[in-house]
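Going by TrEMBL, these are the annotated features:
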- 150-183: repeat 'WD' (REPEAT)
- 193-234: repeat 'WD' (REPEAT)
- 236-307: domain 'FYVE-type' (DOMAIN)
- 317-350: repeat 'WD' (REPEAT)
Amino acid sequence: RTVRVWLKRDSGQYWPSIYHAMPSPCSCMSFNPETRRLSIGLDNGTISEFILSEDYNKMTLVKSYQAHQSRVMMILFVLEMEWVLSTGQDKHFTWHCSESGQRLGGYRTNAGACGLQFDVETRHVFVGDHSGQVTILKLEQESCSLVTTFKGHTGGVTALCWDPIQRVLFSGSSDHSIIMWDIGGRKGTAIELQGHNDKVQSLSYAHHTRQLISCGADGGIVVWNMDVERQETPEWLDSDSCQKCDQPFFWNFKQMWDSKKIGLRQHHCRKCGKAVCGKCSSKRSSIPLMGFEFEVRVCDSCHESITDEERAPTATFHDSKHNIVHVHFDATRGWLLTSGTDKVIKLWDMTPVVS
């Protein structure tokens, strides 16, 4: 239930200057350095707002919002609008005026929401929920309207990251994948990125170098080069028999009977999307330009067509040595902060890889 502010001492060690106990367990927070405003979401649905003193040795409670009926999942403070945006386990997105404390509006999502991003210029808010859906809303001063929804993940959305310059939205999921949604340029284009062995916990974007930083529960920190021309993964094709050797799949009883052959299990080539049997897709290959940094199943003909240049990695992999729960990236200094299930906070200098 405690909130701590850590300051770096002359010795180079970090020590807590503030140790503040809250009435309910803390679930999320948002800090604005310009105003020194600290917004803390609690398990009981309340958002408590504090102002930190200039020397960071005192925090003063300013106001509290009764924002949700259950745990607050994410908070965003928008200085330009003086808005506090939040999502909760109660399946609601809400926004409040930070000056008056008044609730301005809300929207019910399909499931509890974990991802939240906001575009200041267009006043669009992006909400990712546990059903795997991303909802885009247009906010007015006291109303909101549904713009569209995206569904591309097989698991719940765990993280969102918005690039307002390229107008690209990144979504991470418990299905271990990341999807890049090109909203501004090639509308509807969705690029898949596969580089984690467990759920994606956080996404950060370095605008000046066009690099995406993803962190996962597997302890991996992956730095993706988004300056390369990437390709969409193909739709998986439906077929009752292998599209390479014409052997029937095990549910195709008629062809099995006619050809007197035992049905085979169906697989799909990750490069061309064709339905193939195991014999015709015995090879594995990485396809980094399609987002597959790990080796995946491809048909034999596609395996021969992939060149060594096409197999060159477009991401670098780093081990944090703890199961990451939360991440914050400071783009100005190139510092990455990770906290893990081991209750350890680690501060990383990312300038050697994000530059």
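Backbone N, Cα and C atoms are what each Cβ position is placed from, and that goes for glycine too.
The DSSP breakdown of the repeat 'WD' (150-183), given as helix, strand and coil counts, is 0 helix, 21 strand, 13 coil.
Mean pLDDT for the repeat 'WD' (150-183) in the predicted structure: 92.
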